[in-house]
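Report on the following structure.
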């Protein structure tokens, strides 16, 4: 009886410390304990300093990590620059990724870690940790666990990013079809949409929804009419490419459940936000996630699932010396 209890206890510990795929350990807590014990504190300190200086870094890093994980898993392929002979049409060149930023911030962290622990910490792990820490700054504590031990991929293709990235103009069926192959379910889809709680977007991305939704000069009828008029005042025709608008009205600087209040009032910024109300199950989830305690807990759970999307087989990949180029 005692041996059975000890075996169960050990199993529970392993579930929370090691991610296993095909019998091979891929990710685990404190992966760098012996090789670079200061990695998490270095990433956190630089990230918190940057977010304290400019709060826009938080949504930038969160979005960068999200776009990385949906293409070839969380392997930092989004960070690779184009070269003459390799990754010429890379993920950065894909339409959904052209507005991404924050690459130089990852470069800064990588440079510091190369000073401390040369050739040890992968760019994929840096991005996963930095995204978590950027959101966590507001709360002054880690908001979810990040298993480490990822390797960096060597391939980055614009075609794959265009095909696999969920779009802000997608309906719920299309969104779910992008999430499910990665082991993410409806609850994860709805919860991770809450990332729109922070940050801004460009008016040009709202053009069709505000001014020509069905090609007849009309406005998306799922958008609250008064809110639509407010957005039109912020984003008048002709649209200025530099003008930005809050994704979560009057709360875009705070990571919270206010986003779901806005969605349930038909004030979601994108078609993908409004899509959450087109299905009874997802609409009920959006109602539940208005509770801030529930949202924070569920978001942590779904982020942990997302940043454990791994497609590289055991032994594949590398630890880049420079996050922008393969070794």
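Along the chain as shown, residues are numbered 1 onward.
Glycine residues also receive a Cβ, built from the backbone N, Cα and C atoms like all the rest.
Look at TrEMBL and you will find 1-23 tagged as signal peptide.
The domain 'Plant heme peroxidase family profile' feature in TrEMBL is assigned to 26-327.
Feature annotation from TrEMBL assigns disulfide bond to 36-117 (among others).
Its Cβ placed at the centre, residue 63 (site 'Transition state stabilizer') has 20 other Cβ atoms within 10 Å. What TrEMBL lists as site 'Transition state stabilizer' is 63.
Around the Cβ of residue 67 (active site, proton acceptor), the same chain contributes 78, 91, 96, 97, 100, 161, 165, each under 8 angstroms and 6 or more positions distant in sequence. Per TrEMBL, the feature active site, proton acceptor maps to 67.
The Ca(2+) 1 binding site annotation in TrEMBL covers 68, 71, 73, 75, 77, 91.
Of all the Cβ atoms in the protein chains shown, 28 others lie within 10 Å of the Cβ of residue 74 (disulfide bond). Marked as disulfide bond by TrEMBL: 69-74 (among others).
Per TrEMBL, the feature disulfide bond maps to 123-323 (among others). The Cβ of residue 123 (disulfide bond) has 30 other Cβ atoms within 10 Å, all protein chains considered.
What TrEMBL records for 166 is substrate binding site. In sequence order, 70, 174, 175, 178, 179, 272 constitute the residues six or more apart from residue 166 (substrate binding site) in its chain with CB-CB distances below 8 Å.
The local packing around residue 196 (heme b binding site), expressed as other Cβ atoms within 10 Å of its Cβ over all shown chains, amounts to 25. Summarising the annotation, TrEMBL assigns heme b binding site to 196.
Under the heading disulfide bond, TrEMBL lists 203-235 (among others).
Residues or ranges marked as Ca(2+) 2 binding site by TrEMBL: 248, 256. Shown in sequence order, 196, 197, 198, 258, 259, 262, 269 are the residues of the chain, 6+ apart in sequence, with a C-beta less than 8 angstroms from the C-beta of residue 248 (Ca(2+) 2 binding site).
For residue 117 (disulfide bond), the number of other Cβ atoms no farther than 10 Å from its own Cβ, over all displayed protein chains, is 16.
Mean model confidence for the domain 'Plant heme peroxidase family profile' (26-327) is a pLDDT of 95. Taking only the Cα positions, the spacing between residue 71 (Ca(2+) 1 binding site) and residue 36 (disulfide bond) is 28 angstrom. Of the chain residues outside the Ca(2+) 1 site list 68, 71, 73, 75, 77, 91, 67, 69, 70, 72, 74, 76, 78, 153, 156 have their Cβ within 8 Å of the site's Cβ mean position. Long-range Cβ neighbours of residue 75 (Ca(2+) 1 binding site) (same chain, at least 6 residues apart, Cβ-Cβ under 8 Å): 68, 124, 150, 151, 152, 153, 310, 311, 312, 317. Neighbour counts were taken as the number of other C-beta atoms within 10 angstroms of each residue's C-beta; across the binding-site residues 68, 91, 256, the minimum falls on 256.
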